[in-house]
Amino acid sequence: MNFKIALIRGDGIGPEVVEEAVGVLETVGARFGHSYEWIDVLMGGCAYDAKGTPYPEGTKEACQRADAVLLGAVGGPKWDNLPPALRPEKALLAIRSDLGLYANLRPAALRPALKAACPLRSDIADKGFDLMLLRELTGGIYFGERKRYQTEDRGEEASDLMKYSEMEIERIGRRAFELARLRRKKVVSVDKANVLETSRLWRAVMHRLAAEYPDVAYSDMLVDNCAMQLVRDPSFFDVLVTENMFGDILSDEASMLTGSIGLLPSASIGDRTPGLYEPIHGSAPDIAGQDKANPVAAILSAAMMFRYSFRLAGEAAAIEKAVDLALSSGCRTADMAGSGAPLGTREMGKIIRGNI
Ligand SMILES: NC(=O)c1ccc[n+]([C@@H]2O[C@H](COP(=O)([O-])OP(=O)(O)OC[C@H]3O[C@@H](n4cnc5c(N)ncnc54)[C@H](O)[C@@H]3O)[C@@H](O)[C@H]2O)c1
Ligand SMILES: CC(C)[C@H](C(=O)O)[C@@H](O)C(=O)O
Ligand SMILES: [Mg+2]
């Protein structure tokens with residue numbers, strides 16, 4: 001088959017890890033008989049530098065015309081003092097929203113070769129874990145009205161509005177139950193219903209849905225407790241569904257249990273639009289341009305593209321096996337190397353390609 005893939009290489013380590021993911025896609029293409037049309041799309045700080053805006057005209061349309069989008073990361077200190085509307089992160093939120101990508105799948109699994117890298121107690125690490133964090137991606141506090149104004153007697157004041165509709169909660173909730181049916185049939189919904197009204201609505205909708213999926217075990221959990229339960233024993237979780245900001249924070253936490261944030265991929269999916277695939281990590285300005293970044297998260301994002309956009313599970317599994325083989329033969333980038341000698345980004349990518 002021929003796939004049209006939009007590439008948003010982005011900033012910092014973004015271009016470095018996307019390059020390795022593209023190499024892996026090419027290798028999988030050669031092995032399984034697929035070809036690609038690559039469409040380079042400008043977005044983020046690099047787009048601001050080139051065009052004066054992080055989200056140039058035509059970026060959205062180019063992504064809409066593609067079969068899938070692969071993104072590295074955007075942002076970095078160079079652009080941190082721009083006005084909010086010109087910040088690279090604003091473009092990231094815009095593309096997610098414009099493509100209707102409300103469901104963000106962030107799998108966090110302890111890869112067999114990395115048990116020793118897991119910071120949890122050894123008896124817990126030995127059990128392993130494999131959870132799917134499902135993050136609502138186009139609503140909540142990320143998209144509510146923001147204000148900043150001067151008061152008469154309290155100095156400056158700022159507010160960010162957190163808002164959710166039943167429709168937004170129901171569609172992500174259904175995704176959670178459907179995903180759980182393909183896994184271990186367990187959903188934990190994470191909220192802050194002891195304080196937030198949005199969470200009380202979230203919980204009410206989830207309970208209504210749970211009644212429609214009696215074959216799936218359902219429970220609620222408060223987000224502070226969830227942060228603790230994740231580091232106590234992540235094997236408790238199968239599908240964890242939560243709102244936008246809680247999902248952002250909990251997924252970085254979960255990543256470290258797998259050994260490094262450089263390992264975790266994500267898929268952002270809507271109803272009828274191309275999916276967007278990206279590592280959960282950022283542009284890592286501290287290591288950018290040094291051939292130090294771990295390309296595995298981007299490479300596993302390419303595997304998710306095969307699984308969720310192209311519905312080709314064999315190709316996805318081939319990539320995942322190639323990553324596991326590299327890890328079990330001791331290949332480690334600096335973020336995972338401990339006191340051992342680390343491999344560079346390009347070398348790691350080359351070994352994974354060779355394993356396919
Ligand atoms: N999807 C995205 O585009 C995205 C996601 C998160 C952060 N960001 C942006 O990235 C910039 C930096 O953010 P941050 O420093 O808070 O988070 P970050 O994820 O970029 O980096 C956090 C730490 O993890 C390390 N790290 C991240 N990815 C790695 C990899 N693949 N291999 C090895 N080490 C890795 C970094 O070196 C750093 O020490 C900010 O501008 C932020 O807004 C973008
Ligand atoms: C860069 C930032 C806007 C983004 C988010 O918060 O969604 C990032 O942290 C992520 O996890 O993809
Ligand atoms: Mg994040």
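Keep in mind that glycine also has a Cβ here, set from the backbone N, Cα and C atoms.
Under the three-state DSSP scheme, Lys292 (NAD(+) binding site) falls in the coil class. Feature annotation from TrEMBL assigns NAD(+) binding site to 76-89, 282-294.
The substrate binding site feature in TrEMBL is assigned to Arg96, Arg106, Arg135, Asp224. A C-beta separation below 8 Å, combined with a sequence spacing of at least six in one chain, links Asp224 (substrate binding site) to Lys192.
Note: Asp248 (Mg(2+) binding site) has non-local neighbours Arg135, i.e. same-chain residues 6+ apart with C-beta under 8 A of its own C-beta. Asp248 (Mg(2+) binding site) falls within a helix when secondary structure is assigned with DSSP. According to TrEMBL, the Mg(2+) binding site annotation covers Asp224, Asp248, Asp252.
For 4-352, the entry in TrEMBL reads domain 'Isopropylmalate dehydrogenase-like'.
Within the same chain, residues at least 6 positions away in sequence whose Cβ sits under 8 Å from that of Tyr142 (site 'Important for catalysis') are Leu93, Asn244, Met245. Tyr142 (site 'Important for catalysis') carries a helical DSSP state (H, G or I). Summarising the annotation, TrEMBL assigns site 'Important for catalysis' to Tyr142 (among others).
Its own atom aside, the Cβ of Lys192 (site 'Important for catalysis') has 19 Cβ atoms within 10 angstroms in the protein chains shown. Among the features that TrEMBL reports, site 'Important for catalysis' is placed at Lys192 (among others).
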Query - binding-site residues compared (Arg96, Arg106, Lys292) - highest count of Cβ atoms within 10 Å - result: Arg106
**Report entry** Confidence summary (mean pLDDT) of the domain 'Isopropylmalate dehydrogenase-like' (4-352)
**Finding:** 97
Report summary line: Here the Cα-Cα span from Lys292 (NAD(+) binding site) to Arg96 (substrate binding site), rounded to a whole number of angstrom, reaches 28
Report summary line: Counting only residues outside Asp224, Asp248, Asp252 in the same chain, those with C-beta within 8 angstroms of the Mg(2+) site's C-beta centroid are Val223, Ala227, Met245, Phe246, Gly247, Ile249, Leu250, Ser251, Glu253
